[in-house]
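Below you'll find the structure, written out as structure tokens, and then a few comments.
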């Protein structure tokens, strides 16, 4: 694939951060002729050995970023964990150095490829993009959209924040390891969107907004502005009627489709009518048919319908895709039934909004909820109402246990402390009654106690399995 129009050959590019995304950037840029080096503020970046093995020509610099080093580059490529406000980055940008991220490089490459396809003697259709962001539900909606597009007969690549970095996905296609997709379905974080300006998605959504990453953003307005960058193109805007902050992102003159847990205001919007998913006034499918429970998943399904329908795909195929969607790991995932109590892993619930949705999604069932970890500067106040309405008890772990305890103190629900997650499982087992749920939905990041949210889930599931074995022996 020819990217001469991007003028990468010989360009001095410095990649900042050597996680999965940084490594993918270094690899893709090197293949396409850039003079690549990598800098990471950590003394021992996670992929240092892999970089040396697979890209020995790429120099690695470790330790604090130096302004002069960054300013000497033609282009900075920022990993999601490196903010534009990083002083050395800000100084380089002020001196005229371009700063982009992997999604921006992908968007530019895709524009070149689509232009080349259109210029062929027998023009080929452009590859389309569905782009998804939001505080909660991103991965679920992304996976739903991928399944629904496949059910409609399209070749699909799902990538981005959901797992496979976009440039790794593009590299696999360039190497012939995967087919060229008809549609890209991308999950994008606010961190990625900060450095993205050229993405022109066929349909894009900001699913919802609640406090998250307040250790990175000065306020909710800055966080929302980063999310809104997903609408930089000309495609359909998909917005949540139940979230005023996302509705405010509607751009005059753009095609807007909304979704919400109410009746549809117009014929092209999606909503709920008498416990059925509906498009305008047309009933589409009973909510009970969805394999993923809870009203938050009803909202996810409606968003996915709005996004995929924007590609003019047949509604029957999209509904079949929804019916077959079984959910994702660590998103209110059932782990076990023990003595009449159902245990759920929602380790991916890393902010207050996600935990609120998980608790309300329990319906009439009371839950013993395990909360705590690294709160990322969030306001835990909104948890109080959800705890009061749905929790039998709260078990607290991690760095911000004290802050959460203070926020829910007046909820009328007792809270308990645990030193470890296995201890929390034991306490929850004693507190839960038959017919209850035990829900790990921490409302926090995991890095104070675990490698990541997956590691936290593994520890939880292991503890639940041990509990099940012990109860079976009694």
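Every residue, even glycine, has its Cβ placed from backbone N, Cα and C.
Note that the structure is predicted; figures quoted are calculated from it, not measured.
Some features that Swiss-Prot has for this protein:
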- 134, 135, 136, 137, 138, 139, 140: ATP binding site (BINDING)
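By the criterion of other Cβ atoms within 10 Å of the residue's own Cβ, the least surrounded of the binding-site residues 135, 136, 139, 140 is 139. Cβ neighbour count for residue 137 (ATP binding site) (all protein chains, 10 Å cutoff from its Cβ): 24. The Cβ centroid of 134, 135, 136, 137, 138, 139, 140 marks the ATP site; residues of that chain outside this set whose Cβ lies within 8 Å of it are 132, 141, 207, 208, 300, 354, given in sequence order. All protein chains shown were included, and the count of other CB atoms within 10 Å of the CB of residue 134 (ATP binding site) stands at 26.
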